[in-house]
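Participant: Here you go, one structure.
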Amino acid sequence: MTAVAPRLENYAEPTRPAPTGGARKGTLAWKMLTTTDHKLLGMMYIVMSFVWFFVGGLMALLIRAELFSPGLQFLSNEQFNQLFTLHGTIMLLAFGTPVVWGFSNYILPLQIGAPDVAFPRLNAFGFWITQIGVVAMLAGFLTPGGAADFGWTMYLPLADSIHSPGVGGDFWIIGVGATGVGTIASAVNMITTILCMRAPGMTMFRMPIFCWNIFVASVIVLLIFPLLTAAALGVMYDRKLGGHIYDPGNGGAILWQHLFWFFGHPEVYVLALPFFGIVSEVIPVFARKPMFGYIGLVFATLSIGMLSMAVWAHHMFVTGAILLPFFSFMTFLISVPTGVKFFNWLGTMWRGHISWETPMTWTMGFLVTFLFGGLTGIMLASPPLDFHISDTYFVVAHFHYTLFGTVVFASYAGVYFWFPKMTGRMLDERLGKIHFWITFVGFHGTFLVQHWVGNEGMPRRYADYLESDGFTTLNQISTVFSFLLGVSVIPFIWNVFKSYRYGEIVTVDDPWGYGNSLEWATSCPPPRHNFTSLPRIRSERPAFELHYPHMVERMRREAHIGHH
């Protein structure tokens, strides 16, 4: 790692503004409440996402502690149900989706050379309505009947007023609706920003891969989140106003499953695609090479976006109410463009001069973990196998390998990669490596064994099991490693706090030395409107061409940079 990029002749060193002295108390809080600055909102999204990530992680530790040995330990069945319901919801709707908007809010306008997002006030509205929704869901714990306890999938009839009469369920539905509105607002903003605010010369096929992935994910959001919000309000209508939308005579549980999973499976790609984009930004910088197969990577992203709408019912194989061959085939098919992306990433690293700074280490953790999750997904796509392991811990393990592998590993890669751009200071490399290895070992120790305990027949969402079932040893291994995974956030939190105050100051535009996209062509942190001047944009690597002009003609001659 170098905090000092190679100097060029006539290169004017950017100056870092000095602190302006002590501000009045409450100034920061008022600034956050009223801001429409995409950079501050992006950091607020990221910080709050990680706060909710830690809350969801504590719930997970309580779940794992309860499953350490047979018999109920310290949670009742109802409390256990509430915890796994809120754990899943928090991780998906309060961490996974908002952290996408955190990175996209901060980085995307910089990458396309825009001064801000298209709708700054809508941006602020989306952030605050999302946080209100999350608080509403968690407020269920304060009600007499406790929080929602019907699972994060809200299956009916478990979620109707007869089986879940408490107010906590109503709070949960309100929270889902509010977070849905915030997500839709952010998606509209990103699509409009990309289509209308690109800098001169920034054609669609000169955009960074991260921007393409945010664009496709935002389009998916507009297609699925209104459906989730409407379907959830339908459940509320049944619960509170005596509606009969989900009566068994009208389709009941199967109708809800179709509506929910038509949202639920594309949502997995809303979570995955932006993080594919992050690793697609990290790998070329630390492999010292252009992205291999840029056009193919873009079309793989578009293919995933289209196919994501055609696989939802693979969650419903065991209902007997769907056409198994079609959904099995489509599930196998959607793995093809994802495999193409792996070849692009590996091709970029192939014969590159790889530098193992912390962002690249996290990216390799992503590649390994997500590959495992993808392979178990191929297994689950086969109905004969799925019949036996559906609703077991095998599915839990697969789900965590795909989502933790993408969202968490790539989020950490993004934080370590862009922290100097956001704050003007470097994170500590040694603490970053410690953080990575504790997380990597803790994660795989927790979830690898869950494949085996699921294959032995342990059902998910049960608070208890018998000693004679033979699940005890594997559950104990999983629980011990889950606490190691919980401990892994300590070096991360310490690293962020320490580096924000005392980290090595970045004095150049590009502390990594080989950045490609436009965010590396402005100061760290950027000025209020992002750029004092924009370089000429002739390819998808404008910052690299700005810093290494003598390389441009040679690379074009050797056809390393495409003419888009």
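Yeah, the Cβs are placed from backbone N, Cα and C, and that goes for glycine too.
Annotations per Swiss-Prot:
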REGION    1-23  region 'Disordered'
TRANSMEM  43-63  transmembrane segment
TRANSMEM  83-103  transmembrane segment
BINDING   H87, H400  Fe(II)-heme a binding site
TRANSMEM  122-142  transmembrane segment
TRANSMEM  171-191  transmembrane segment
TRANSMEM  214-234  transmembrane segment
TRANSMEM  259-279  transmembrane segment
BINDING   H265, Y269, H314, H315  Cu cation binding site
TRANSMEM  292-312  transmembrane segment
TRANSMEM  316-336  transmembrane segment
TRANSMEM  360-380  transmembrane segment
BINDING   H398  heme a3 binding site
TRANSMEM  399-419  transmembrane segment
TRANSMEM  434-454  transmembrane segment
TRANSMEM  477-497  transmembrane segment
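How buried are the listed features, and what sits near them?
Facilitator: Sequence-distant neighbours of the transmembrane segment (43-63) (same chain, 6+ residues past either end, Cβ-Cβ under 8 Å): 32, 35, 75, 80, 83-84, 86-87, 90-91, 94-95, 98-99, 101-103, 105-106, 127, 131, 134, 138, 408, 415, 422, 482-483, 485-486, 489.
Within its own chain, the transmembrane segment (83-103) has Cβ neighbours under 8 Å at 42-46, 48-50, 52-53, 55-56, 59-60, 62-63, 75, 126-127, 130, 133-134, 137-138, 140-141, 147-153, 172, 175-176, 179, 182-183, 186, 190, 210, 214, 217, 267, 270-271, 274-275, 278, 403, 407, 411, 414, 418, 461, counting only residues six or more beyond its boundaries.
The DSSP secondary structure for H400 (Fe(II)-heme a binding site) is helix. Applying an 8 A CB threshold to same-chain residues 6+ apart, the list for H400 (Fe(II)-heme a binding site) reads G373, F443, T446, F447, Q450.
Long-range contacts of the transmembrane segment (214-234) within the same chain, counting only residues at least 6 positions beyond its ends with a Cβ under 8 Å from a Cβ of the stretch, are 100, 104, 108, 154, 173, 176-177, 180-181, 183-184, 186-188, 190-191, 194, 243, 245-246, 256, 259-260, 262-263, 266-267, 269-270, 273-274, 277, 301-302, 304-305, 308-309.
Its Cβ taken as reference, H315 (Cu cation binding site) is surrounded by 22 other Cβ atoms within 10 Å in the chains shown.
When Cβ-Cβ distances below 8 Å are used as the criterion, the transmembrane segment (292-312) is approached by residues 205, 209, 212-213, 216-217, 219-220, 223, 258, 261-262, 264-266, 268-269, 273, 276, 280, 327, 330-331, 333-334, 336-338, 340-341, 343-344, 347-348, 350, 540, 562, 564 of the same chain, each at least six residues removed from its ends.
Residues 275, 279, 282-283, 286, 314, 331-332, 335, 338, 342, 345, 354, 386, 389, 394-395, 397-406, 409-410, 412-413, 416, 432-433, 436, 439-440, 443-444, 451 of the same chain, all 6+ positions outside the transmembrane segment (360-380), place their C-beta atoms under 8 angstroms from a C-beta of that stretch.
For H398 (heme a3 binding site), other Cβ atoms within 10 Å of its Cβ number 24.
Remote same-chain residues near the transmembrane segment (399-419) are listed as 46, 53, 91-92, 95-96, 99, 103, 106-107, 268, 271-272, 275-276, 278-279, 281-282, 285, 357-360, 362-363, 365-366, 369-370, 372-374, 376-377, 425-427, 432, 435-436, 439, 443, 446-447, 450, 492, 496, 499, 512, 519 (criterion: CB distance under 8 Å, separation of at least six residues from the stretch ends).
Long-range neighbours of the transmembrane segment (434-454) within the same chain, counting only residues 6 or more positions beyond its ends whose Cβ lies under 8 Å from a Cβ of the stretch, are 64, 358, 361-362, 365, 369, 376, 389, 392-398, 400-401, 404, 408-409, 412, 460, 471, 474-475, 477-478, 480-488, 491-492, 495.
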Participant: Can you give me the Cα-Cα distance between Y269 (Cu cation binding site) and H398 (heme a3 binding site) in Å, rounded to a whole number?
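Facilitator: Their Cα atoms are separated by 15 Å.
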Participant: Which sequence-distant residues neighbour the transmembrane segment (259-279)? Criterion: at least 6 residues beyond either end, Cβ under 8 Å.
Facilitator: 92, 96-97, 100, 103-104, 153-155, 208-214, 216-217, 220-221, 223-225, 227-228, 231, 301, 304-305, 308-309, 311-316, 341, 345, 363, 366-367, 402-403, 406-407, 410-411, 413-414, 417
Participant: Quickly jot the same-chain residues contacting the transmembrane segment (477-497) by Cβ under 8 Å, restricted to those at least six beyond its ends, or write none.
Facilitator: 54, 57-58, 60-61, 64-65, 67-68, 412, 415, 419, 427-428, 431-432, 434-435, 438-439, 441-447, 449-450, 453
Participant: Around H314 (Cu cation binding site), which residues of its chain at least 6 apart sit with Cβ under 8 Å of its Cβ?
Facilitator: H265, F327, S328, M330, T331, L380, A381, D386
Participant: Pop the Cα-Cα gap between H398 (heme a3 binding site) and H87 (Fe(II)-heme a binding site) into the table, whole Å please.
Facilitator: 17
